[in-house]
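J.: A single structure is presented below for examination.
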Amino acid sequence: MKTPFRNPFAFSETPVTVITSVVYLALIIPLLVVHHVVPEAPGQIAGTNVDLAEAWLDLQTLSNGFHPYNSHRNDVIRDWLLRRIDALCGDNPVVVFSDMVSNVSFSEAGRGGGPGISVYFEGTNIIVYIRGSEDDPEEWYLKGKNPQGKGGVLVNAHYDSVPVGFGATDDGVGVVTVLQLIKYFSSSGRQPKRGVVALLNNGEEDWLNGAWAFAKHPMSRFPHTFLNLEGAGAGGRATLFRSTDTEVTRSYQNSKYPFGTVVSADAFKRGLIRSGTDYSVFTEVMGMRGLDVAFMEPRARYHTTQDDTRHTSRASLHHMLSAALSTMQGLTSDMSSTFDGKDAEKGKVPSGKGSDGVWFDLFGSAFAVFRLNTLFALSVTLLVVGPLTLIVTGVVLYKVDKLYLFSSSKHHHHAEGDDSVAIQGWRGLFRWPITFVLATAAVIGLAFVTTTVNPYIISSSPYSVWSMMISALVVVAWIGSTAADFVRPTAFHRTYAMIWMFIACWLALVVATVLERNPKIAGSYLIMFYFACIFLATSISFFELFGLPRKSTYADEIEAPKDNPIARSRPESISSARLMAPAEEEQPPGESPDNVGEDEEDPTESTSLLGEGRRTTFKRYTSPHRPGPTDDIVPESKTNRLIYGSEQPWSHSLPSTLWLLEFLLLAPFPLILFGQAALLFTTATYQTLADGNDPLYIYLLMAILAVVMFAPLGPFLHRYTYHIPMFLLLILAGTTIYNLTAFPFSESNKLKLYFLQRVDLDTGINDVSLTGISFLHEVVSSLPSAAGQTPLCSPSSLRRDLTDCTWNGLPPRVVPSIYPDIPPEFGFVDWLTLYATRDPGGKTEAHFYVSGKSTRACKLVFNRPIVDFSVEGAADEGRDRRFQKASEYGSKELRLWSRTWEWGWNVTVRWEAGGDDEGNGLDGRAVCLWSDANDSGTIPALEEAMRFAPSWVAVVNNQNGLVEGSKGFLV
């Protein structure tokens, strides 16, 4: 006997299971590879004189020691950079500014509307101006004039590091990239049209001080656009974190390996990412338009001793360098008026106004950029066109008598009287929402359980958490779908599921469209594209219904006489008027079950041959739902074979392969977009719990993303075989046990604890503190100096949502002593010199002289906010509103930075008088900072913490200084 042809794309178990699984794997695996594997680095970038081997050697030199602003090695690095720039400069006109003049006074607002922080900073920036072929030939920067012409392009990186980080990626890769760009644009034949300003700023890690100092330099008035290079991780791909507008982002579009999404920019705007870069100074203070490109993973190595060349790669260097080069080529060659404006706020450059943009990459190879207004227009169009299309299609189906959806029966008139033929079109209407509510509840429940039992497991095992959530979602959804299909099979499971998805996503798009207008959330492109895909797939499922016979025709076939060839092709059954009539609960609103025949007739020659209990499956020989003892002897017709299981008899007319088109429209593109966003979110947040972030927020967002990414499987899961769900059930069991019991940190995924040593120079009291999340007691107890002590632990006053544990530690030796055998505590009093006086007559004004030994960083901390200050020798800020010396609510801290070692600051501060019970005096502490940990024995307590802390702990600096020595004052 000839084997019947089996359609490999039919809507049956094996094709659905295999095809959908293969598609998901074929997309998820490349997404993971692109996200974690950096493209291999060539020796040179084709068509350029950029030398990656040379850049790598420069990076090794730069990161061969700690070099914060307040360290002697920082001066060594600065001198080395000046020599490298001199060696790299080519034949094009170049001006190098070794800026040892600029100083700036500014303030930052405090949290929650409280008092802020004031800063006086003396810059040591290096500025290289490569004249463009279309630039003003006059040396305006030496004559106090403003530049003429189109304006230039700034590329920026900072050459300082944190006190306990080598700074290979934060920001060494950015620095050596700038060096290679200087080499490229200054070489013969490569002069840019717009001039290039290469800024190597110093002091970024201490409050973006270097960028603020650049704002006081004449060259800050020349660039209209910028590219900021940063590092918020320790390798991987360089990501486009944020940009100011669509037009400037198009320059990044030419990168060979673009990487990033506007979702990260939205996160910065909403304050979800606790990080700051020079980008904010360039945009808010100077009025430039530009981009922020940075490394973002792994965060566990960020600002640690593992931020070195050993833990990054030439591939990461190449990725940032190639992106920076193509972006700068695009910006410097654009001679249009796109980045020119007429008027600008005082002190800011006239860079014009760009349009809010939407951008994202596709598999790290293509880059989409368009305006937010375009997204808004598309969203509004879809909100209107989507429902109208389905409504019109439904009306047409109703007119042609093919709207089987929402139809329980069809009235039929024949010679023997009126009757109703069952349609059973309501069956399966509420199946999808119930199933996915249960599946979503299971995933969200796991998020709460994980947060309660082992909240930090994501720090080392993010993909174990993802596997647990995805497995739970798919398993629960499959069980619900399959059980419902077994009890009440329906051919409309897929269609109703997509209708519900359409409704849910339409409501989400309404909210997203409002947010696109205000507050301009561009990440809503995810929802817009998701809805577009659901709309197309749902439309196809509606169009499928045109393949069905008219309901009246179907009713005629059901009630046809025995000699009707269609009726004759069906097996014998009891009266179709009785059997096929809808159950009472299936009646649509307003329709009475009385229309259905009440008495079962005995079989006659005119009885319909369709029998519900005798149907055979689609492309199978026995029903998976209700096998009958005589199925093997009932002759199958072509019509019978096209009815799947015990689904409605009319389903044989539905196309058997259109499900594949619906799936390909519904699932792949949303999976790509949301998959990339999910990976970006995971990378940006999974190791931030040590900073005090709420773990529940991270787990809940992961759960929601898992539901969104795998919801497109919902219309098809009831056709899945048991094999994959059972495999996922095993994964669910294993990952759940692991996630709830495993230790959350490891040597490659360390817990960050923040170190600070405070010394009261008046009394000699010496306190060492570690700040962090849980496990503090375990770490402190492992330190020899803490043995026998009971650490004092309390909520941190410096880092939100973290805990401080303090104990009496080993005394620091940050100030050299002429008597090295004498314990350092006997010389504490000489480390800081302080004079504080107040004007007579009750004025609320005081004068301070502050100086520290072996340092160039001190600060004044006040117990009541000051409203103004001045430093002797500081530049006159005049009426430039960009440089406010105190925030709106005053400042309770004044930070003082000098480019000269052991410098003394003469400071005058003013405050507002208090009430009668407060008095008019001012008290507080003068504090000096020591940040240089390059020499062994300088900070024994830090070395002890690094040596004896468990291997899964990384000790990093808590504040700008590692050691703070202070004296009190009262005036």
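Cβ coordinates come from backbone N, Cα and C, glycine included.
Note that the coordinates shown come from a computational prediction; the quantities given were computed from them, not determined experimentally.
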J.: Which range, 20-41, 724-745, does TrEMBL list as transmembrane segment?
T.: 724-745
J.: With CB pairs under 8 Å as the measure, which of the listed stretches 375-398, 463-484, 724-745 comes out on top against the transmembrane segment (496-515)?
T.: 375-398
J.: Report, as numbers and ranges, which residues of the same chain sit near the transmembrane segment (375-398): CB under 8 Å and 6 or more residues beyond its ends.
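T.: Result: 358, 405, 502, 506, 509-510, 512-513, 516-517, 522, 524-525, 528, 531-532, 535, 538-539, 542-543, 545-546.
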J.: Which one of these stretches, 434-457, 463-484, 521-543, 658-684, 724-745, has the most C-beta pairs shorter than 8 Å to the transmembrane segment (696-717)?
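T.: Per the Cβ under 8 Å count, 658-684.
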